[in-house]
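Undergrad: Can you read through this structure? Questions will come right after.
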């Protein structure tokens, strides 16, 4: 079932009004429509159907609508089934309907209880009324209407209603019956029914402005803004000269922030009543809000130029403000001088105009008037005077005259105080004045006074974070670091101050900016533990929240809560009203968003999406330090935190920060910062008890420098400390050997891994592969020899003697490459000793004892500096004669030469 719209035609919903706004082809509903919006009932049956609808409750209306829709659906199905039969017959039967008849019946069903709109073509439209269309009642109808009116006056509503229904049947286009029914329901408190009948009366007689006016307070009482707007515009169209309606319309547009239309309406009132100063000022303010300064000036100039006595100073003040905003300083001064000439003896300009005069002269570079104002003007304590001085000081500050701005800001305190010392303004307003004074002193370079006034401001604005941060920076610049720490540290009784804080607002000492400033102060002082305790948890929580937020699905789909909020602009459904489709009270942009949201909700519902799925979906959280990695200044703070955590041996905490920072800041961190973080991770991997957490950082170093021996040394130092099998290490070695077959270190490390698990054949295979790439490497020759000897001692090898000969061939090559060094001689002797050739072992042990080796510095990686000092090692740490002597004494002892064994131990193994 459809209902009557504001245009007098039938539409299904209120959304189409917003669709017109979206297309950008809206018509101004104020004055420019020429069409007559009245309608007439075709017959008494239509009128009675509409009366029944207006007097029916919402549930019944929806039930009737469903019945009509069901009936229309059955009719469509029946027509679809009969269509093939019609095509096969040459002549339709009498009980069959033609397509035109079916369409007509369907239109009648869809019209329901609607009204037929009377529209005339705009082309060649004739003015006036056709003859015989005036809504006149017969004498019988007039008599019944009089009886109903008497019953209404006697409050016999139940007896009056049937009579009025009978009048509707007899004279459906008579507005008085609908008006009387609306008045009856208004008296009985049935607001919806009253509005429906009064709307019928107004539409039957659209040029009767009194009917629309009667609807306006009812619509406001119902809090239906769109209906009130509609009635105001209709009433204005019916009576364009009604000033009260223009007031209502102007206020309505001002509340909608449609300042352009509001200004135009108020200007119309000014043209009717030029002496109305209040409306003229409001119109000028509306033009100012929409940026049309020239129009506002013209509107006020027309009034000011005609006044020679009894000048309205508020109008002149507003005009001067507009001149200043338009940079017309000379014009402003002319108006002030003209006003001064019109003053009576002993009369002075109002204080606001004196302040404006000071501003004008200051713009022209003349500050003498500011000094005169400070010296001669004595203001009474009042809020208006305080606002005048504040505006004056703000303008001087904007012009760069900070010295005078300070004096006027300080003058605010004097104006605000009574003679008895009590304040006329609140503490926050005084605090904001002190902040302005301090900021001016900062610009002037007077940090001492700036600190003093910031302290005054913070007494009345303790929760202001900006003041604390600025003041702490000044204190640090002045070398008062302890005061800055005290200023930023939590109070001694944080619970008490938390209770005084506003609801849903965290205390100032929990703010991320305060914690960062305090942490930087601690770090500069060298209080590393306090630095970590202050900033570690906020940064870690921020990184975790940002990491979790990235996992949350990007909200390309707006959540249903937002969509429903936007749809509210279209207004609630009006099932209890006959009239639908009233244009919502909103701007065109809001209407466009609302209509898109409505269509999206319907689309989601049609695709069986859960409407509350978005509410249960995890939403993004606000981190303690928003924009931590987006701000370049914060990167150094994160690096300092990681270094300090590593220095304090809090390795796991440092790795948490490093991991999250590298994952989140891959796009924003500089290359040097990322490299430093990875280097810290590699250091932590070597130092931490569990190096597996930092494995990826040493692996990254090797990936960047695959042929660097120092990089592979650091990698192997970390891997050798991992006791259990580490699959990531094995996979990486295999992948590296496949990608870089000429890289020797991973081959040697693989051989070491097989040696550690006693798989000597596989170890020998890897060592020999490395030997092919670098046969002159002493370490590779030593590794091949020892692997072959260990393989010989197994039980599966058949040709052991050949394998031993091959092993010693590599060992002697190793001895030659090392130049018969003490270490090489000892290794060859140890190999003979290991396979039981003690005679040859004694020869090489004695050769090793005969060589004296000097100490050499132990190679270290850059991050190993300071782990163990070289000076702590005892002299002779590179000499292996003690080891050789001990092994030699074992051979002597086994052969029975105990005296020789004792002599060797006494010579080389005693201090």
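Cβ coordinates are placed from backbone N, Cα and C, and glycine is handled just like the others.
Below, the features straight out of TrEMBL:
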- 26-45: compositional bias 'Acidic residues' (COMPBIAS)
- 83-96: compositional bias 'Basic and acidic residues' (COMPBIAS)
- 117-134: compositional bias 'Basic residues' (COMPBIAS)
- 1-45: region 'Disordered' (REGION)
- 78-97: region 'Disordered' (REGION)
- 117-140: region 'Disordered' (REGION)
- 175-208: repeat 'TPR' (REPEAT)
- 243-276: repeat 'TPR' (REPEAT)
- 431-464: repeat 'TPR' (REPEAT)
- 822-855: repeat 'TPR' (REPEAT)
Undergrad: Should anything in the same chain at least six residues away from the repeat 'TPR' (822-855) have a Cβ under 8 Å from its Cβ atoms, list it; otherwise answer none.
TA: 778, 782, 785-786, 789, 792-793, 804, 807-808, 811-812, 814-815, 875-881, 883-885, 887-888, 891, 894-895, 908
Undergrad: Short question: which residues 6 or more past the ends of the repeat 'TPR' (243-276) have a Cβ under 8 Å from it?
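TA: Long-range Cβ neighbours of the repeat 'TPR' (243-276): 30, 209, 213, 216, 228-229, 232-233, 235-236, 282-283, 286-287, 289-290, 292, 295, 299, 303, 585-587.
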Undergrad: Could you please provide the mean pLDDT value for the repeat 'TPR' (243-276)?
TA: 85
Undergrad: Taking helix as H, G and I and strand as E and B in DSSP, count the residues of the repeat 'TPR' (822-855) in helix, strand and coil.
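TA: Going through the repeat 'TPR' (822-855) residue by residue, I get 27 helix, 0 strand, 7 coil.
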Undergrad: What are the DSSP helix/strand/coil residue counts across the repeat 'TPR' (243-276)?
TA: 27 helix, 0 strand, 7 coil
Undergrad: So, by DSSP, how many helix, strand and coil residues make up the repeat 'TPR' (175-208)?
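TA: Its residues divide into 27 helix, 0 strand, 7 coil.
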